[in-house]
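Peer 1: Below is the structure I would like to discuss, written out as structure tokens.
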């Protein structure tokens, strides 16, 4: 536009100003007419120029009209379809003019002008507007404080959103090289707003470890120390933030002054300003991640602990945000209180003797390990208050949690007198904080707490009768944290004294009349289910009666937690639920929900996940419900795939949530596991065939869809191979990239590896052409030091299974993988998967007996540790052991200890 400068048409400006004015009218008819005109005005090519003109130049208009024009401008820029390069020339007038808005006497205009600037930069990058940074930095030298504040309103947002982009060269110069020294200088400005903003900007570059900041890090630290007692709480907050950030990325700079910094943070965590206190409290969380520095906190623990306890007491503001504590079970949830639903996806993990009694895995730890590889951890949240932001109470509890994990008994000795004082307080808020503190130290101080639990348990159970819902809520959480102790009691007398009352108490809380208590009770009960497992079987009738009643009583939000409790129960007690009395109690409320939710409602996700676990647990007890469940599930699965395909060619069609694929695939898996080989007639009706659908889902761009597709594939191989056989070669082609290092999504790769092993058992000799490409990838994963433990277990099992029918193809490669294979396989729990893997390995050895010369000691050790092999495997072990004695003239080549030799002699007579 340089050759054709924009010419303003006064009449258009006047008319647009009038329309904006009318859009703010209290008269709804006038307002709606104006809003319609503004919608049509979006077609005007130079609309943004007119809006800029009204925002910046039309000082004769009211601030409300100018600010409305600015907001329209910002939104237009945010959703603009302009491309970088020549397409951005239409913003030239806006870019050259909006800067002046930062000098406007009206704070609102300055703020909106800054928002427009930062929106342009965040949308297209600093490189498309390089001159803006020198202009903004120059404005910081203005004698007018309003101009400086205006410049910083833009700079703070730019530094926050674009720190990484700023930390590189533009045309041979690095912006931060001149920005950071100036920010450090301005951090001592007489205006507290300028000091606050300067520090805020500097803090953004600590986190990204900018070398431009590190060049001035000592000066930066000196500045922080100088501002530590600033009169402005916002400055003090940013000082605390700077020290916490430095603790994370440059602990070497914190260490020399640690004592002074600890004293400062002790003081600041008790600051009357909650924002300062919260930022300072983050220090105690951060220092626990630095063992060398945390070990120096010993002399300060007697100050830190009571300070954190005080921070855990509900403030008046906390209670105000929480609202009333009346019985509210019959009050309908607001839409904004309900979290969006997302599918979890199932991971196939090796079956051990502990943990969930389902095909889905051996223990929660294994499943959690896979999830940790694929996603971020959630924050510590002591009572899961979705209605409250991260605050001093939660931060204090989290800090106590991590510090107790580091200091253990030392911290327990310090906190016990304070806990006694809190728990016996007549102030319910102090008492409640004491209960929270006991829960917070559960993980770190469990060993030391055990001696006090017989006394504490009855006290906590009595608090479940408190008139204060918040006390009942936190007591549920804390009891959940210590439920393992009650679940592991051996004597029947102790179980009747502690475990049964705990079970009864939590079940009462599950059906409490307060929604927050229901939520906490249900969550704590789900934890108890995990800890107690099969020990709950004698109590299934009262458990299911309560859960069924809860389905009738709960509003929408808590029903989601209830699904999780039912799912966990099914996972941990398994086929014990397959009883007519239990099935009716369990299935009736689930089918009621099933009938109420439409096919396109995301509220189906948790219901489908729950039903999948219930189906697996009920086994043939689920048969009466299988046909109807499968028909609807398959319909949703097929329709979702159709809509995804249609949306690729038709932009008017909304792309459906792929979680519909994840949950339907998982529910079909559950039905297959429930019915076993009896499922084939049901699946045979599928149109298109399930094999084709798995093939499509196995190539999906969303890894969770691939993860569930491979889980279903493995289940079909196990129970109804005839339905999947025609598609095996095509599926194996798509499976190979999932096993290529680096594994882009661990859970999807894990399930692909597991399903390949299941397929190998079914295909037999027809697997031959796939053995080499699979083995190449599996050996690479097996030898990778960074591989996930669960993945490695499935790799070892699948390699072994490749040898069941095709040992001659695996045998030549034995030397490449035997060592890590033995190391991994001996950690796998004894089950059919491990047994089949070892049978395959024995076949491989039979094809390459020379390998005994280098692997015999490891083989002998694994055999000695294998307690209950199948009869077939025991026979194979015996023959190899006997053969090795004959081949090497005795047992010396075993290099075994006397204990191992005795074990082999006892088991195999060799």
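Using the three backbone atoms N, Cα and C, a Cβ is placed for every residue, glycine included.
According to Swiss-Prot, the protein carries these features:
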- 349-364: compositional bias 'Polar residues' (COMPBIAS)
- 366-381: compositional bias 'Acidic residues' (COMPBIAS)
- 34-122: domain 'Importin N-terminal' (DOMAIN)
- 333-381: region 'Disordered' (REGION)
- 12-39: repeat 'HEAT 1' (REPEAT)
- 44-82: repeat 'HEAT 2' (REPEAT)
- 93-126: repeat 'HEAT 3' (REPEAT)
- 132-169: repeat 'HEAT 4' (REPEAT)
- 220-247: repeat 'HEAT 6' (REPEAT)
- 259-286: repeat 'HEAT 7' (REPEAT)
- 414-442: repeat 'HEAT 9' (REPEAT)
- 454-481: repeat 'HEAT 10' (REPEAT)
- 499-532: repeat 'HEAT 11' (REPEAT)
- 627-677: repeat 'HEAT 14' (REPEAT)
- 690-721: repeat 'HEAT 15' (REPEAT)
- 815-848: repeat 'HEAT 18' (REPEAT)
Peer 1: So how many of the residues in the repeat 'HEAT 2' (44-82) end up helix, strand or coil by DSSP?
Peer 2: 27 helix, 0 strand, 12 coil
Peer 1: Which residues of the chain, 6 or more past the ends of the repeat 'HEAT 7' (259-286), have a CB below 8 A from one of its CBs?
Peer 2: 228, 233-234, 236-238, 240-241, 243-244, 247-248, 297, 300, 303-304, 307-308, 310-311, 315, 317, 390-392, 395-396, 398-399, 402-403
Peer 1: Determine how many residues of the repeat 'HEAT 3' (93-126) DSSP places in helix, in strand and in coil.
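Peer 2: When I sort the residues of the repeat 'HEAT 3' (93-126) into the three classes, I find 30 helix, 0 strand, 4 coil.
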Peer 1: Averaged over the whole of the repeat 'HEAT 9' (414-442), what is the pLDDT?
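Peer 2: Its mean pLDDT is 97.
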